[in-house]
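What TrEMBL says about this protein:
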- 454: active site, proton acceptor (ACT_SITE)
- 453, 457, 476: Zn(2+) binding site (BINDING)
- 81-92: compositional bias 'Polar residues' (COMPBIAS)
- 164-348: domain 'Aminopeptidase N-like N-terminal' (DOMAIN)
- 677-996: domain 'ERAP1-like C-terminal' (DOMAIN)
- 81-102: region 'Disordered' (REGION)
- 538: site 'Transition state stabilizer' (SITE)
- 108-128: transmembrane segment (TRANSMEM)
C-alpha cells in the first residue's frame, strides 16, 4: 500500500431454533468446550448470541442495557422475542404440571392485576433507552452483566487450529440503494483438535449459517459474535479432529461502506454533469472482514473464486481474468472470475463495480491494462508504458515471472491511499496514475514512483508476505527501496535519486524522537496495525536496505540474496530473520547479515557517530541519537554500523569510499597525517548522523568555501541535514549552522539547496507562529540574501530536467512565500495569462503550485481559482489548485475550505488531510485548523480510522509548529480526553514530544538568532 479511512452496523441474525447434532445450543447448555491448552479462557461482557427473527436493529447496545434492567425484574431474555418464534422453539416456556387446586376468584383478580403491572413495567422498560434510573433521571449507563453465552476466544489474533483453503464468494451489490448481499463458502482443514472455529466479520448481518464436516450433511449452526474484536465463532459439542475437512457457508447483507475501507461506495461527476456511482474495495489492513466473513490475517492464505451480480450497464473487475458472464432471471448478469492461481492473503482481494475504460498491451504473455473513467482515457498512456517497462524489469531482476495472466491498474475517483497493491488489480488515486500528454517530468516522476512501488509489491508482499503486521516493513520497506532502485535503471531521466535522498532525511528526523518505534515491533490492536503504516516501515525500511546493499561485498550479492528469499518462501509467510538468513546464505565472505542487521530492526532510533582525530588516528564513538533524553529507554543501544568515509585525497568517485565496521561503543582506524578532512557516510547511504567536532566541521566548511564540488551533492546535502539535526539535539550552536550555510550562495545543485530551504523554512514558520516579528523579518532577509542570486536566475518557461524543476519550484515557492516582489509579479502575470486564455495557455507543471499559491492571496483571484478548481479535469493540476486555495490567509475562506473538505461535496474528503496540512503552514490558518480538529474529531475518525496515515498527517500538521507551554497543555488536554478515541496513538506522543522540542530549541536559540541574523 502506498501511503495513504468505519463503522458500526448490527451484525448477525442466525439460526438457533433447531436442534443440531454438531452444535451446542449455547442458550440451553451452560457447559462450554475447554479451550486449547495454550489459550486463555475469557468471557467478554459483550459476547452476542445473534438470533434470526429479532430484526436488523433489535439488538443495539442501548437495548442490551434494557435487557439487563428487565432481567432485574425477573424478565427472561428470551421472552422478549417470543412473538417472533414458532411454537417448536426450544425456548418456548413449558407449562408446569397441574397439581394445584383451582384458585379463588379473589386470588385470580390479584394475580391478573399483578400480571398487568408486571407487563406494563416490562413494556416501559422495553421502549426506554438503555439505562439505569438515578435521582436525576435516566443518565447512568447500566453496568449489569447480561447472562449471555461467553465468546469462546479471548485474543486479538485468531487461533491457528483451522486453516482456510478456499473461498467461494458471491456478491450482489445494489448501487441504487448502496447496499449488498453476499454468500461466502469457506473450505477449511483442521490442523489441531478443537471445539470451535473463530474468524472475522465486521458490520455484516449474517442471516444463515450452515456447516458440513467431511462427507456429512450440511446443517444450520449458531454463530456467536464479539463486536469489539470483529470476531465471530462457532462452538461444537464434539471435537473437530486434526486432518478433517469442513465447509462453512454464510449468507449475509450489509451497507456499502461510506468511508474509504471495506467494500465502499463512491461517486463522481462526468463531463456532462451527471453523477456516476461505483463500488470499490480497500481491504488492507483489516477490512476484508467488512465485505465477507473471513480469516482476515496475512498468514491465512487461500484461493478465491469470486462471482459478482450486476446490472448490464456496469462492468466488474477482480484479481483474476473473467471466466464467464451469465444472464440471471432478474435482469442482472453474473460475472464469474477464474479461481486465483495463487494462495493469497485476504487483504489482497479486490473487486470493483462501475464504468471504466481500459488501454492494454501484452507484456511477456501478461495482459497489462490501465483503467480510468471514460473521459480520462487520454491520461492513461504514460502509466501503461511505465508499468510495462517496470514489469519486464522486475520479471528479470527477481528471476521469477509475475504469476497471474493479467495485471490491471485502475484509477478510482475517490480513494484515500496513494495506491493499493491488490494482486492483479492494483488500485490508485487518480493523481497517482493519470498524467496528461503535456505533463511535466516532475508529475511523471510521481506516477512512475507509485507504479514502481506497487509492482514491486507483487513479489514483496503478495508472493512472499509478512506473517504478521509487526513485520510490515518486509512489504513496505522493500517496495519503497525497489521503487527507487528500479526507476534509476528503467527511467533514469526521472532523476529519482534526489527524492530518495530527501525521504531518507525525513525518516531520520522522525526516528530521532523517543516516541518512534523499532522497524519490527509488537502489534496488538487495530490502532497499532494502522500506525505501522508510517515512515519507519516505509522510508527507514528502505534506508537500511540501501545501507545493507552498499556494505555487502561482492557484485550482485544483495540481489542474489533477495532472489534466494523470494524463491525459498514463494507463496508463504515470513518474518525478518528469514530475510537475513537468505542474505547470509549467499554471502561470499560468510558475513552474518542477521548479526549486523538485527540491531537496525529490533531497536528504535539510529546512532550518532562522533569523530575525533589525533595525528593519524581517527576515533569513532557511537551513541543513540535521541532528541528527548529524559526518561528515555535504550540509551545504551549499540548498532553494527558500516561506516563509509572519503577524504580530501579522494572524495567523489565510488572507488574513493573506505569502509570501517563499528560494532562497539568506539573504534579506531588510521589515515595519513596529511589528510585535511574526512567526510563520513559517503553519499548518505548509511542510516546515521555524524558529528565532526569543532575542528572537523571547520575543515569541511573551509573545503566547501574553496570549492563546492569537492564533495558529491549528496554529501553536501547530508552535511546540511546533519548540522541542523545536531543543533536540534543541542550538540552545536545555531552559529555553527549559519557558518556552514555561508557557502550556499555558490551552491547550484538541487538536494543541498532544497534541504537548506526546508530546514530554514521550518524555523521561519516556528518564529512566525510565535509572533517574533523582528526575527521573522530578519530571517526573511537572511534567506533572500543567501538564496537571492539563485532565485533570480530561475526562468518561468518550460524546463525539461527533473532536477532543475525540483530546484526551481523550491526556490520560487520560498521566494513568493516571503513576498519577494519579483517572484509574485511573475506569478500573477502567468495566472492572468492562464485565466485570459480560458486555461488553454499552459503554466509549466513545476510552476503551477507557486502560481496558484500567489493567486490565492488575492481577494479577486481566489474565487477565480475556486471556479477553475471546480471545472478542472486533470487531477495533478486540480490538486495544486486545491493546495493554492488552502494557502489563503483570509480567515473566512480558511474556515470555508476546512468545512468543505469535511463535507465532501465540492472538495473530496480524501483531500482533507492535504487541506489541513496546507492551512496549518500559514500564519492565519494554523489555529483555525487546530480548533477545527478538536471540534470535529469524532467525524474525522469516522472518515479515517484511528491510527491511520491520514490521522497521523492531520495530527502532525496541526501541532508540529506549536512551541509554547500553553499550546503543549492544550494539546495534551485534548488528546487525553479522547480515551479510546485516539489518546493512545503513537502520533499523539510524537506531537507532544515535538512541541516540547520546539519549545526547548526556541528557548535556547532565540538570543543567538537575535545576535546572528
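Heads up, the Cβ atoms here are built off N, Cα and C, so glycines get one too.
A TrEMBL annotation is a machine prediction, not a hand-curated record.
Location within the structure of each feature annotated in TrEMBL.
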residue	record	CB count, 10 Å
453	Zn(2+) binding site	30
454	active site, proton acceptor	28
457	Zn(2+) binding site	26
476	Zn(2+) binding site	28
538	site 'Transition state stabilizer'	27
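Distance between Cα atoms for residue 476 (Zn(2+) binding site) and the residue listed as 'active site, proton acceptor': 10 Å, as a whole number. Geometry remark: residue 453 (Zn(2+) binding site) versus residue 538 (site 'Transition state stabilizer'), CA distance 11 Å.
Distance noted between the C-alpha atoms of residue 454 (active site, proton acceptor) and residue 538 (site 'Transition state stabilizer') is 13 Å. Taking CA atoms as the reference points, residue 538 (site 'Transition state stabilizer') and residue 457 (Zn(2+) binding site) are 12 Å apart.
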